[in-house]
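The annotation ATP binding site is assigned in TrEMBL to 153-157, His216, Arg260, 311-315, 340-345. Residues or ranges marked as domain 'Phosphagen kinase N-terminal' in TrEMBL: 40-122. Marked as domain 'Phosphagen kinase C-terminal' by TrEMBL: 150-387. According to TrEMBL, the feature transmembrane segment maps to 6-23.
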Amino acid sequence: MASKKGVLAVGGIVTAVAAYYYLKPSSCPKKMVDQATLSKLEAGFQKLQNAQDCHSLLKKYLTRDVLDQLKTKKTDMGATLLDVIQSGVENLDSGVGIYAPDAQSYKTFAALFDPIIDDYHKGFKPTDKHPQTDFGNIEHFVNVDPKNEYVISTRVRCGRSLKGYPFNPMLTEAQYKEMETKVKGQLATFEGELKGTYYPLLGMDKATQQKLIDDHFLFKEGDRFLQAANACRYWPVGRGIFHNDKKTFLMWVNEEDHLRIISMQKGGDLKEVFGRLVKAVKHIEQKIPFSRDDRLGYLTFCPTNLGTTIRASVHIKLPKLAADRKKLEEVAARYNLQVRGTAGEHTESVGGIYDISNKRRMGLTEYQAVKEMQDGIIELIKMEKSL
Ligand code: ADP
Ligand code: CIR
């Protein structure tokens with residue numbers, strides 16, 4: 001039997017250890033969320049509450065209850081709720097405002113991710129399961145503007161994450177380099193029309209980089225939403241772009257997602273553009289294992305890209321419909337389409353050119369996501385003609 005003295009001694013040690021961690025939050029055990037993070041979470045919540053002009057899904061769904069439920073949670077890699085929400089707290093004009101620092105975050109912080117996923121993808125309940133990959137019959141796709149009257153160019157992209165690696169905020173510099181080397185090796189195996197060259201961002205001269213951005217081939221630099229999400233560490237290490245000679249097939253390495261696979265060309269031939277993307281995805285999938293979740297589909301850094309990860313877009317001029325951008329957005333939303341500016345998300349239209357794409361990517365197949373864009377664009381063109 002333990003003596004009274006012994007029990008007191010053990011009790012004393014336990015109290016001392018607890019007091020030590022309480023008083024020295026920076027040395028908390030790995031599983032505990034430290035006091036500084038808790039304070040930042042509280043301040044972030046208040047900032048969102050006070051911001052009259054903030055209309056993000058983060059503000060909508062981060063209730064006091066959800067905050068209290070999640071603020072002390074951590075993933076095995078050490079990600080906290082602060083890592084999830086910091087971009088939306090810093091950028092009050094975010095549309096969404098959250099990112100997943102690692103795959104486990106989608107489960108650990110489900111009380112916040114699930115309602116945002118449901119809202120963005122227009123109905124994807126926690127009990128729903130994303131369907132199996134299905135690119136469907138390419139023959140069902142067409143040139144949405146055969147007379148070249150409205151559509152300037154067509155693009156379809158998807159995102160992929162390499163199995164075994166976390167997302168940007170948790171990656172080490174060594175992992176960025178390792179991933180780039182792995183991907184580069186596989187990019188060299190593309191043949192025929194898909195054959196191309198990998199250009200690392202590290203060492204690329206500024207003029208070349210800017211030209212690629214201006215021509216809509218390369219991701220922009222210094223995205224404040226990604227920066228605030230801690231997604232641009234070690235930039236430009238491990239980042240780069242691959243493209244074929246014609247720049248109709250491209251791959252972004254380690255920007256927002258590990259990989260963005262892109263097919264694009266002038267005009268409205270969606271059948272050709274999507275066909276090329278499917279060919280490329282099938283080739284790369286044979287060589288590189290990707291992260292896919294049974295419920296969420298392909299895993300990505302931003303919850304808006306989960307599932308199919310497909311964004312099929314046209315650069316289009318609809319002068320009558322677009323006389324009022326708000327009105328254009330309303331009409332597009334009827335067909336589940338999203339309107340972006342000429343240089344992509346969070347940009348304005350230049351010369352009346354808009355980027356219109358499918359909005360939802362989850363709870364439907366790849367075929368359905370692209371078809372949704374095709375059907376909607378054909379309708380918008382009909383409306384423009386009738387005005
Ligand atoms: P993502 O589509 O990869 O999510 P962005 O909205 O930032 O990201 O767009 C990336 C780039 O692709 C931007 O330069 C944008 O103008 C360009 N882009 C998108 N759709 C088209 C299109 N249909 N034709 C030409 N460029 C496009
Ligand atoms: C926002 O909330 O507006 C940004 N974080 C971007 C959200 C969706 N876009 C993306 O992932 N590129």
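Using N, Cα and C of the backbone, Cβ positions are placed for all residues, glycine too.
No curator has checked TrEMBL annotations; they are predicted automatically.
Structural mapping of features recorded in TrEMBL.
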residue : record           : Cβ within 10 Å
Ser153  : ATP binding site : 17
Val156  : ATP binding site : 26
Arg260  : ATP binding site : 22
Ser313  : ATP binding site : 23
Arg340  : ATP binding site : 18
Ala343  : ATP binding site : 16
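In the predicted structure, the domain 'Phosphagen kinase N-terminal' (40-122) carries a mean pLDDT of 98. Residues in the domain 'Phosphagen kinase N-terminal' (40-122) partition by DSSP class (helix H, G, I; strand E, B; coil) as 48 helix, 0 strand, 35 coil.
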